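Undergrad: I have a structure here, written as structure tokens, and I will follow up with some questions on it.
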Amino acid sequence: MAEHGAPAPAIPNGGCAARLPGNKVTVVLGAQWGDEGKGKVVDLLAQDADIVCRCQGGNNAGHTVVVDSVEYDFHLLPSGIINPKVTAFIGNGVVIHLPGLFEETEKNLKKGKGLEGWEKRLVISDRAHIVFDFHQAADGIQEQQRQEQAGKNLGTTKKGIGPVYSSKAARSGLRMCDLVSDFDEFSERFKVLANQYKAIYPTLEIDIEGELKKLKAYMEKVKPMVKDGVYFMYEALHGPPKKILVEGANAALLDIDFGTYPFVTSSNCTVGGVCTGLGMPPQNVGEVYGVVKAYTTRVGIGAFPTEQDNEIGELLQMRGKEFGVTTGRKRRCGWLDLVQLRYAYMINGFTALALTKLDILDVFPEIKVGVAYKLDGEVIPHFPANHEVLSKVEVKYETLPGWDTDISNARTFDELPVNAQNYVRFIEMELGVPVKWIGVGKSRESMIQLF
């Protein structure tokens, strides 16, 4: 310690230099209300990745990946697991429904060879919380109550996501480490939690002993996959050079803090959720790619300023085959909203964008883009936090000429019609973020890379 007011040495302990930050992770996030095509971007990047991670959400997410003409659906697993060389990591911020996890693997194994050997390539954080069947049942009851009491529900996926994050925040939840450590102790805590739920929801039926029997069987299967997640990530970041990819679920406008509350999910699906959901510091975040559909869609209810509840919306819905992967619900469709995208950029600091489904706009003679919101005739400077205000905004549009050409066979930017190129450049200029990929179809080959 420095004496008599003398300055301390510049380097702590006189010679301990700061550690090198280690490997960077590449993050892929949804920039709208979900369903932007994140799985496709991840699939592209996962081809030479070493580790692919999920950091938040549960099996309420839905990612589709097409490999060798086989369409795989992922809800809980990182979709990058389709690469046989990849280690998939489910972080502590994810909530895990064990029956859902094994059902997902079985369904995908029947479709093709993409998931072979998955058990040896999956690591699950011991700090991840477990979704129980009664969480899912409670989710359904809560939705029913909202409908009866307020005349509208939140439109949840009924996958138990809200209730399990509630248990986590109330500190009554159970984690993977509890399941695989001492099953007797786990069983006692499970009974307490189940009885709490029965007290809150008298109509809820829980076969406690039956559930525990099933959970014990899952425990045997999952135990080899459960590891200390913090140590796993630290080793991955500070060991030999590795390409680490983080696959965000849901999207910016569904974030519990920054989304169109209350019509949101229950986790942080913006860039901050990467650090808290994996147990890693922000200096290890590298590229942050925002995935943007060339128009806008939303599942369920909630404000949607650029929605086209007309023939335009129907045409977008039909051409884009806009149905939710998890719920099968029709997606609401509308024009691209740059006010909303600027807001998503402010929170996430996207380093580049992936613009997907540009080919869906092929048939429109002119294309509108929302560039500002007005309230009582005045342009408002920010994306409103209040849902009622957002519901009332009037959108100011910029109209761009369409290209009336099938672009699905384009493989370079120069092969796109001039008006399609101008549409992409307009988005870049308005947002101040470069577009790195343009999607013009379903296959891997139909992602045009610009740089």
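Heads up, the Cβ atoms here are built off N, Cα and C, so glycines get one too.
It should be emphasised that the depicted structure is a prediction, and the values quoted were computed from it without experimental measurement.
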Undergrad: Determine which of T260, T265, T270 appears in Swiss-Prot for the same IMP site as D35, E36, G37, K38, N60, A61, G62, H63, T157, R171, N250, R329.
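TA: Only hit among T260, T265, T270 in Swiss-Prot's IMP site, alongside D35, E36, G37, K38, N60, A61, G62, H63, T157, R171, N250, R329: T265.
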Undergrad: Rounded to the nearest Å, what's the C-alpha distance separating G37 (GTP binding site) and H63 (active site, proton donor)? Just drop the number here, would you?
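TA: Cα of G37 (GTP binding site) to Cα of H63 (active site, proton donor) measures 7 Å after rounding.
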Undergrad: Taking N60, T64, T157 as the binding-site residues to compare, which has the smallest set of other Cβ atoms within 10 Å?
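TA: Comparing Cβ neighbours within 10 Å for the binding-site residues N60, T64, T157, T64 has the fewest.
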Undergrad: Using CB atoms and a 10 A radius, I'd like the single residue among the binding-site residues G34, G37, G62, G328 with the highest neighbour count.
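TA: Within the set of binding-site residues, the most crowded position is G34.
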Undergrad: Which one, from the binding-site residues K330, R331, has the smallest tally of other C-beta atoms lying within 10 Å of its C-beta?
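TA: Candidates: the binding-site residues K330, R331. Fewest Cβ atoms within 10 Å: K330.
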Undergrad: Nearest to T64 (GTP binding site) in three-dimensional space, by Cα, is which of the binding-site residues D35, T157, T327, K330?
TA: D35
Undergrad: Using C-alpha atoms, which one of the binding-site residues D35, T327, G328, K330, R331 comes nearest to H63 (active site, proton donor)?
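TA: Sorting the binding-site residues by distance from H63 (active site, proton donor), the top entry is D35.
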Undergrad: If you measure from the CA of T157 (IMP binding site) out to 10 Å, which binding-site residues from the list G34, K40, T327, K330, R331, L358 are inside that radius?
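TA: Cα filter at 10 Å returns T327.
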Undergrad: Whole-number Å only: compute the distance from the Cα of R331 (substrate binding site) to the Cα of D35 (IMP binding site).
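TA: Spelling it out, the Cα of R331 (substrate binding site) and the Cα of D35 (IMP binding site) are 9 Å apart.
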